[in-house]
């Protein structure tokens, strides 16, 4: 015990000593060890004068951590997928202004601008959202892989689909928002609720989805591409496809305000954007889309290249401002309508699917009308798009009081209770109608 | 303990002589210890938690003080439903955990049963797995497409929804937390005075009636201590429902709302307050239940109840019961072991192939995690039993003003979600620098050990309290009337008699601190300072790292199991030493 204590004290002293030297660059990241490891090794080989200290936190915990330590900042870099997390930090004034030199990096990936227009954060890799499936699971259940969002809403996938909640995972939020922007507010939500009616589960972490598909806990998952690629590369019997409506978005990196080691932080970001740094992204355990088009020359066979294959991520012109304006509101709506009421929603959608199957060829118009009415109840939205973009209403969900005298109107709990009451009643009524139709 | 009391006592003697009398109003060493502990708890628990919880009492729009948020809570049907779900799951978990723990405790303490030590140790092992790892393994075995259900479907064409919704939470929680009941109940059963049982037998009682009327009531302090812990722990537990993706319970609701990116909804904090209040109420209820009953037995030693040899048929039944229960409670470990040696395990009853590669991968990057864990959990558990014994003594044996408050305060730590404590520590200690360095205290590794100490203090405290409750006051009075000082009677009489309970408390605190994640994940500021659970978490975040994470989990189980078995051996030897003086 004592020896251990001494060893640990020695280790602490050493790391404290390291902090005083110029070399240490502290990185807060949501990326897994399997991704940061190879990049860290490559960076330290190229820049032996720096020592990268990687701290892994979930995106939301990372944002909280940086907010909490802002008074006496010890972090140099924030490194994560979701642009929204960077937007949150940026709006809190926690990201530094730095100049990054790079060559051969385009302005956009897909339809998405690579870098923050204010120069607070930089894209270093691309990622798109799609559908991942377990081949053994599908075979055992006699299913074909779904490749479009519409497929996932089909009755045969009932109870076989998994997804993470957008409030838990920044990348999932992007998937939700992409469909809302690609299909329109009402159609987008209707589609989400019909897909969610087929959910087996809503996972707490974004990694819970590939994990569930890998183990065969559920058959299909809505995931970010590299989870699909790296699971496949690890040997799991899984595969991945991009649907037509998807957005390619950059994974980002930024320097934290009041960084203890600005030179080191800048050196790290610049290294990520060099051809060598970009090539590390093709490591089988990482599998992110490089943003330097030249790097694709080294890519393995069949690896998607968004700079040549224009169908990937081209359909949706992702509007960052719109997404940011209603960020928390969309998360809250998803949780109220889907995450917390999944059992009710699943039961209602299941009942409607059963009624539809019973009346597929019956020609019973009355039953068809009931089914349509039931779908309309599922699809109904508590608020319209204009309201979602009303800054005063969306403000209820952020509660950022600039001054002590600011008033924010209604409370989030009130609004959520109102929505909850509406969806619970709608789902119950929809199930009742569907059961009635099925009995005809 | 004695080392802890002596310096303040000595200072007092010197100071009190020189100061005017009214300044030192009859303070004893015990008083000073009480004040010191109170300050410690206030600084390390109350202040950090208050920093976070104050949000619950603020109007989100204006920042003014308000109770409106609590009104909102009770008006929201989702929260009411979550509250009932949490209550239901906790109560059911106590029932299922009792069903698991009672036979194990009874068979191993009541009969001559080979392998009792092994069972007591194996029965303890479920506690020492991080909940998220346990849930991963349980999904693989009992999940919708886990081993059991795939086989059932192949052979019989049906499956059992073990892990669906609240069922899954109850199953995982009962298996995870039943050792609390087992360990406390066994300790109580061992401490029962044999003469009580013999008296009942002389009066003609035997069998179940003897158990129901004499043995179980006498073991009540241990059982209630264990059951209250299980109830509160399940009520507050976050990891298990989250990993099973059950959101409609209180703790997950609090966590989801506090940790969502950018959301500053006060509801999460309101739920935290409600969790704390409800837990304190349940503890208070368990105290009420125990009040006015004297469970102390004068005679100690003789190894507790008379043990009897089983008839062959009974023996077979006892073995079958024990083996079935052990298989059930060790299923997460069996799953984890398979996973750690497996290559790919996907939609199949067993992994596709077996390999040592996971252990190689794990060993390359995990040595620091293991060393850190032993260090942090060791510091935390040592401090826990010292403080736990002191509080138990102050509460049960002194009349110090506010002593119950000390107990409640220490126990309230149970009710503080780890993430709340983590954020609270960041807020409180970030502005304070570690002496002689310019590093903030919040990123100093000692803070992690202190957070673990606070989080696990209630376990040690309950075990120490139960142990002390069974030491009759008459023994101390006897010592004192023979001229021993208070300090000497504590040192020579009370503490030795409590050894079993104290050791049980140490093991519980150590083992559970070793796998704690929710508070540490907020506080780890460098991978060199990270404990084991954090390492497993890192591995488990990648498709290729699952096997290596499982391997590290197995290492955690082995490290803690060695500690547990060692302490069991010490307890047994201790018992033999005592009983050797007993003529029979």
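Here, residue 1 is simply the first one shown, and the rest follow in order.
Each residue, glycine too, has its Cβ placed from N, Cα and C.
Curation does not apply to TrEMBL; its annotations are automatic.
The domain 'ABC transmembrane type-1' annotation in TrEMBL covers B:83-282 (among others).
The domain 'ABC transmembrane type-1' feature in TrEMBL is assigned to B:370-567 (among others).
Long-range neighbours of the transmembrane segment (B:30-57) within the same chain, counting only residues 6 or more positions beyond its ends whose Cβ lies under 8 Å from a Cβ of the stretch, are 4-5, 8-9, 12, 65-67, 69-70, 264, 266, 269-270, 272-273, 276, 387, 390-391, 393-394, 398, 400, 402-403, 405-406, 409-410, 412-413, 416, 420-421, 423-425, 427-429, 450-451, 453-454, 486. The annotation transmembrane segment is assigned in TrEMBL to B:30-57 (among others).
The transmembrane segment annotation in TrEMBL covers B:87-107 (among others).
Under the heading transmembrane segment, TrEMBL lists B:119-142 (among others).
Within the chain, the transmembrane segment (B:162-185) has long-range Cβ neighbours (under 8 A, six or more residues past its boundaries) at 85, 88-89, 92-93, 96-98, 100-102, 104-105, 120, 123-127, 129, 131, 134-135, 138-139, 142-144, 146, 148-149, 219, 222-223, 225-227, 229-230, 233-234, 237, 240-241, 244, 246, 249, 328-329, 331-332, 459, 462-463, 466, 504, 507-508. As annotated by TrEMBL, transmembrane segment applies to B:162-185 (among others).
What TrEMBL records for B:214-235 (among others) is transmembrane segment.
Taken from TrEMBL, the feature transmembrane segment covers B:269-290 (among others).
With a threshold of 8 Å between CB atoms, the same-chain residues lying at least 6 positions outside the transmembrane segment (B:317-348) that come near it are 100, 103-104, 107, 111, 113, 119, 122-123, 125-126, 129, 133-134, 136-138, 140-142, 145, 147, 150, 175, 178, 310, 354-359, 546-547, 550-551, 553-554, 557. What TrEMBL lists as transmembrane segment is B:317-348 (among others).
Among residues of the same chain six or more beyond the transmembrane segment (B:368-396), those with a C-beta under 8 A of the stretch's C-beta atoms are 1, 4-5, 30, 33-34, 37, 40, 403-404, 406-407, 410, 445, 448-450, 452-453, 455-457, 459-461, 463-465, 467-469, 490, 494-495, 498, 502, 505-507, 509-511, 513-514, 527-535, 552, 555-556, 559. What TrEMBL lists as transmembrane segment is B:368-396 (among others).
Under the heading transmembrane segment, TrEMBL lists B:408-429 (among others). Proximity of distant same-chain residues to the transmembrane segment (B:408-429), defined by a Cβ-Cβ separation under 8 Å and at least 6 residues beyond the stretch ends, is recorded for 37-38, 41-42, 45-53, 229, 232-233, 236, 238, 251, 254-255, 258-259, 272, 275-280, 283-284, 387-388, 391, 440-442, 447, 451, 454-455, 457-458, 461-462, 516-523.
Through the fold, the transmembrane segment (B:441-458) approaches residues 41, 44-45, 229, 372, 375-377, 379-381, 383-384, 387-388, 410-411, 413-414, 416, 418, 421-422, 425-426, 428-430, 432-434, 508-509, 512-513, 516, 519-520, 523-526, 529, 531 of its own chain, all at least 6 residues removed from its boundaries and within a Cβ separation under 8 Å. TrEMBL lists B:441-458 (among others) with the feature transmembrane segment.
Marked as transmembrane segment by TrEMBL: B:493-515 (among others).
Per TrEMBL, transmembrane segment is recorded for B:548-571 (among others).
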Ranked first among B:87-107, B:119-142, B:214-235 for CB pairs under 8 angstroms with the transmembrane segment (B:269-290): B:214-235
